[in-house]
Structure formats: C-alpha cells, structure tokens
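According to Swiss-Prot, the protein carries these features:
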ACT_SITE  23  active site
BINDING   22, 26  Zn(2+) binding site
DOMAIN    115-186  domain 'PDZ 1'
DOMAIN    199-280  domain 'PDZ 2'
TRANSMEM  98-120  transmembrane segment
TRANSMEM  377-399  transmembrane segment
TRANSMEM  427-446  transmembrane segment
C-alpha cells in the first residue's frame, strides 16, 4: 500500500512539474507576442487555489492534476471588446501563433536539457559496458564478439555505460544490421563489428535488448554458494544451509547460478536432485520447489535461497560527472538522443516493427516515477527528462487536439492565404479526440495487462 501511495505521489509531482513547464512555454511566448492571457491553470475541475496578477491573468491550481491549459483572448471563442482586439490570439500573425503553439513542446525539450545538466553536474553512477559472456549461436556470437570486450559505440554513437548502449539498441528495432565498436577492456584499439539484426526479436518492455543480442553484461559475480536460506522455504525443507555450494542439478554440472534459477523456476512442485558441497563434504539432497502463481494459468517454482554475491570491481564502475560547460553539451546530446529515439519508436509503432502492446500509459509512468524517486534525485531527474521529451514529441504529433495539429492548420493557412474553415477544424477535432481516446484506452489496457 505504501509503495502505491509513494508511486502516486511521485507521479503527481512529476505531472505537475511537466505540465507547468509545458504550459509556461505557451504562456511566456504568448505574453511576448502581446496576447492577453486570461487564465493559466494547472489541472482541471474545481480550483484549489487562485490568484490574479496586475495584467488580469488568473493563476489556478485545480483538483484533477491530469493536464493544464492557458486560456488566451480569442475572438473565435468569445466576443472581444474593440480596444482589446489587438491582444487577441486570432489577430496575431501566423508566425506569432505558430511560435506560441510550439513553445509548449520546446519548453519540454529545454526542461530535459536542464534536468540532464543537473544530473551531469551532480554525477550519475554507471557501469562500463564490458561483456561478461556471449550466448552460443547468438547474434553477437555470429559477429565474433567475445567476452571481455567493451562496447565503445553503436552506429557511431558513443556508449560510455550500459544505459547508453540500451538507448542506442532500442532505436535500432526493425533495422537489418548494425555497426558496433568494440575493444578489449582498458584498450582504445576499437574494432568495428557488423551485427545481422534480421532475426533480432524482443519486446522492449519485457526484455533487455542487450541480452536479446546474446550479450551478457559483466556484473557482480554470483557464486553457486548459498548466502541465506529463508525459514520455512522449500530449500530449508530440503535440508539446504547457508554456505552450501551447489555442484550439480539432476546430474548436470552447474556452470552458473542462473542455470539453477531457471531449473527451479521451470519445475514447480517437481523434485530436483542437488549434489552439493558442505564444508568440503559432498552431499545429495532433493529439492521440491514451492509453487507461486505469476499470472492466469501460469506458475513458477520458488526455492527461497539467496546466493553469495561478489561485488563488481571498481575498475568497471564509473561516474558520469562533468563541469558546468561540458555538462551543457552532454545534456543537449542526451536530450537529442531521447528525441530521436522517441520519434523512431513512434514511427515503428505505426509501421508495426514495434508491437502496440509496448505502448505505456499512466499506470506504467506512475510506477516508473515511484521507482526512480526511490533511487534518488539523480534518477528522478532522468525520469522527468525522459517523460518531458516524450510529452514534447507526442504534442507535436499532427492530431488536431494536440499542438502539432494546431501547427498543421497554421501551415495550411500560411500556404493558402487564409484560415482553415471552422467546419473542417471542428470535424478534425472530433476525429483527433476519438483517436486520442483510443490510444489512451490501449495504453491503459497494456498497463493493466502488465499488473
């Protein structure tokens, strides 16, 4: 219950910040263009707080924090006194109106740059992209990539950490091939490798794109030695103790801890014969994994043990931290990468290269907000930057109810020398609203199906 409330609070704070930034962009440019702003509202519904400034603008914080708006003087909406017509939105030039409309998304992009600038000033801990292992017959194996190598770049984009690698990989979904630069760890002798992506299939919301290529990142070393056996668990009932080393499972030599995890997961309620070592003494025990439900008509095995973990050596860790000026460039570059990724993913949703079930809605965003806030300020800022970029790009989509739709009408007006008829605009708004509701419905359906 507390985690739900925490996620909800982090989501509301994030939404409030991003909506305020977006609407302030519209507000600020409207004021600079001489448009009278009547109301600046964060949220919808009943006003919880309101204040009016000297220029007659009413500032409102409303009950429902799921949006916001800037109400400008406009003769198309209501009658305007003759002495105020020059302050009406509809009486401004096409370029001025386009500037006002596009200012919201631009504000979101600028906010992302500021957020990442703070991240890089504070410093973000990360792990260098060193390969721990390569899965046999995988895409990476076929490209002759081997363990111990460090991924230096993906299609020319530098990858100083695993997050950068994943960001670059996701944008390549649907491509036929990809170039990666690799070098032995600690070396700058970079070799370019070509990966054949025609058989590369994975679901971004469920799978790691790195692992889907057959690359297993170098991480903390997990030994097949038990650090803890939970009381009352299947492992304790089988006689396992902390300090036991698992050597074989059903007669097969255990090469890595993950193999044991998969054996337990895939055999709920089924006996597994374990050969173990306890203080150098060989023993044989039978483990019957407990059964836990993980969805409709699906269950997994659960043993109730924790393995011994040897932390990752310091030479594999890094902190991305820069001075004030370098951080500006890095923040801009990171924001540009996110913008390209968002546009690419939206395009691939349309072409079918990415399945529609990868679309996320407010529940997934709330979960992400709560999780990032738990990790700390740096990760919450990174989350805000990501959502801010997404909000900016989506608002530029040419749907009439979005900023992009308004820009489309203004472009048509500029080309034809007159505004689009109100009848056409009204019809377009209806169609756009229906499409937006359908998309939101699909996103919510995907959210609930992931719970």
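The count begins at 1 with the first shown residue.
Cβ atoms here come from the backbone N, Cα and C positions, even for glycine.
Fair warning: this is a prediction, and the values are worked out from it, not measured in the lab.
Remote same-chain partners of the transmembrane segment (377-399), defined as residues 6 or more beyond its termini with a Cβ less than 8 Å from a stretch Cβ, comprise 10, 14, 17-18, 21-22, 102, 104-109, 111-112, 115-116, 118-119, 122-124, 334-335, 338-339, 342-343, 346, 365, 368-369, 405, 407-408, 432, 435-436. A C-beta separation below 8 Å, combined with a sequence spacing of at least six in one chain, links residue 22 (Zn(2+) binding site) to 68, 104, 105, 107, 108, 391, 392, 395. Sorting the domain 'PDZ 2' (199-280) by DSSP state (H, G, I as helix; E, B as strand; all else coil) yields 18 helix, 26 strand, 38 coil.
Cβ neighbour density within 10 Å is lowest for 23 among the recorded positions 23, 26.
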